[in-house]
Every structure is written in structure tokens, then in C-alpha cells.
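**Student:** I am attaching a structure below and will ask some questions about it afterwards.
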Amino acid sequence: MKVACSFRWKYTLSILLFYVTDLFSQAVYSDLNRALKNPLDVFRLDLSSQGIAVLPKEVERMRNLEKINLENNKLLTLPKEIGSLQNLRELRLEGNLRFKTFPREIGQLKNLKELYVSSEEVGDMIEQISPLQDLESLRLRNTRINPFEFAETILCILGICTHIEIPYLSSEKIPNTIGGLKNLRTLDIEGYSFQTLPKEISGLKELKKMRITQTNLVSLPSEISRLEKLEEIDLSFNALETLPKSIGDLKNLKTLDLSFNKLTRLSVELRPL
């Protein structure tokens, strides 16, 4: 009986230690100096809004780092040592409005899933992040980059991307090659000046959510009916005058927002949402 109790106690203690260890692994470090004193204990690092102009190369010692938030600082670039962070899954750089370039070593982050950037000066970013084949979510804000002008490169980068958000950029056309994003699940486009979508958008077979707002969109291609997994459509604040009848064939559609358009009546029959 004593043996059984001892075993049960050790087993319970082991589970407790496991959860305590896991709890500490989820702790967020917000002090860089403290983090550098315990580099292997750092899994999450939040250095947002600290006026940082240069990220020290010693960050490479944080080999277990999974998420780093560098938003709202004064960074112009990142140290090449960033490429040593092989466990990094999320990199946030929004609010560094003078950020200019990534080091070539950014392409070594093979496990990076999420990348968020806002800068008015990033120039060659598309080429720099092209090796990030596991990237799932890319957000570009306040940049001069027009991803649609780099369509072929974007397809190389985002061939397995599941989410792309591109707000407030100047473009009059979405390229036909957008249909190559076979695994895209969320398409979020805001503030463009295009009037139509290419029929090749029907190639987005995994698309579940489409948000296209504040553009000059006046019509949709009839091929939109081929997006069989589409559940949410937000086309608010556009210039739509008509809808293709085929939109009524979207069997999985749950939400359709057509507010603030030029539609006077619906000439299509929609199944109950």
C-alpha cells in the first residue's frame, strides 16, 4: 500500500511540475536585459513601444523564442542574427514606420508562420521574405509595396499561405495570378481602386472568408460561385450596382454584407443564410 501511495504521489508531483514548467514557458518577457540573463527561458518577448532603434545581436541567444513583438519602435532593420531563431513562429513589426529592410538571414526562419509589418519605406521586402515557405499569415500596412505588382513573387512566397491582408494600397487591377493561392482561406483587401475581380479568383478553392471593402468595385465575376467553401463575404463600402445570379449557388455562405453600395435591388435568389 505504501508503494502504491508513493507511486501516486510521485506521479502527481510529476504532473504538477510539468504544468508549472509549461506555465513558466508561456511567460512574456518585456525587459530585454532580464531576458538576456535567461535567454533559454524566453519563449515570448514583448518589446513593443520602448523606443528601440537597434535590436541587439545578442537576441540570437534566445534559441527557444517563439514570439517577438517589436511594434511601435524606431527600428530601421533587424540584426542578421535574427536568422538563428529557428523556433520563431510570430514576428510583429507594425508601427516601425521607417523600417527599411530585412537582413538576408530572415529567410532562415523556416518555422515563421505570422509576419506583420507596417512601414512607408520597405522596398525589397517581397524578395527578402520569399524563402519563408511556411508563412501562413502576412499583413502589410502603410507600405509603398503593391503586392499585386509583385504577383509572381507573391505566389512563390504565399503558395501555402492561408491568410493575406493588404489594406490601403494603390492599384487598379488584381492580377489573374491570384488564382494560384490554392490554400488561401482568408482574403482581406481594403482601400484599392480596382473595379473588378479577375475570373481566376475562382481558383481559391479553400477560401472561406472574403473581405473586399472601400474599393471602386462595381461587379463580381460569375465564377465566384465556384468558391464552394466560402462562408463569409464582406463587400461593404464599394460601388456595386449588380450581383451575378451565380452568387446564389454558394451553398456554405452564412454571411453576406453589401452595405453602402449602389445596389437598388437584389436580382438574385439567395438561399436562407
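Heads up, the Cβ atoms here are built off N, Cα and C, so glycines get one too.
Marked as domain 'Disease resistance R13L4/SHOC-2-like LRR' by TrEMBL: 45-143, 168-261.
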**Student:** Write out how many residues of the domain 'Disease resistance R13L4/SHOC-2-like LRR' (168-261) are helix, how many strand and how many coil, based on DSSP.
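**Tutor:** Across the domain 'Disease resistance R13L4/SHOC-2-like LRR' (168-261), DSSP assigns the residues as follows: 20 helix, 16 strand, 58 coil.
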**Student:** Of the residues in the domain 'Disease resistance R13L4/SHOC-2-like LRR' (45-143), how many are helix, strand and coil by DSSP?
**Tutor:** 19 helix, 19 strand, 61 coil
**Student:** Could you tell me the mean pLDDT the prediction assigns to the domain 'Disease resistance R13L4/SHOC-2-like LRR' (168-261)?
**Tutor:** 88
